[in-house]
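Straight from Swiss-Prot, the features:
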| type | residues | note |
| --- | --- | --- |
| TRANSMEM | 5-25 | transmembrane segment |
| TRANSMEM | 39-59 | transmembrane segment |
| TRANSMEM | 62-82 | transmembrane segment |
| TRANSMEM | 102-122 | transmembrane segment |
| TRANSMEM | 134-154 | transmembrane segment |
| TRANSMEM | 171-191 | transmembrane segment |
Amino acid sequence: MTEYLLLFVGTVLVNNFVLVKFLGLCPFMGVSKKLETAIGMGLATTFVLTLASVCAWMVNSFILLPLGLVYLRTLAFILVIAVVVQFTELVVRKTSPALYRLLGIFLPLITTNCAVLGVALLNINQSHNFMQSAVYGFSAAAGFSLVMVLFAAIRERLAVADVPAPFRGSSIALITAGLMSLAFMGFTGLVKF
């Protein structure tokens, strides 16, 4: 149990996918202008990352390794992610049409989110078992969602702040992301791997 807690804390805070590994920057910058959109994208990404992580582990363990097809790992994981995203899109469309309209093009773009593929590949490279893969996928998604929501809240405040003209828009957003990354560096000694 302690191992899973350390994996969770380490993935969410110490090795955050957005601020440390720089994966998932496209939705991080694109969907974080409004808090409600960031929360919706965070929830959708959490569902996709967790499910894709587990499915990718199963495809690798039960199909690719026994058949000696490990060279098809990236292609197989992309196909798994595409299926999971399509399933998620159907669920979101049926359960919350308003959220589906808010997320717009970003929901299908989860397929090309490098964080999702990165989690799947890192699970295999770090030799995680089934449960560790599920925890790692959920933790990566929780870290992604946490950073997204924090960043969206800051960007909403910056939208009404008196920011100098040269720094308005994406300039102040990048500066804010850099400062958030520095703040998360404070968690570096929290968990030793």
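Just so you know, glycine gets a Cβ as well, placed from its N, Cα and C.
Here the transmembrane segment (134-154) sits against the transmembrane segment (5-25); at least 3 CB pairs are under 8 Å, leaving out pairs fewer than 6 apart in sequence. Between the transmembrane segment (5-25) and the stretches 62-82, 102-122, 171-191, the greatest number of Cβ pairs separated by less than 8 Å involves 171-191.
The stretch in closest packing with the transmembrane segment (102-122), judged by the count of Cβ pairs under 8 Å and taken from 39-59, 62-82, 171-191, is 39-59.
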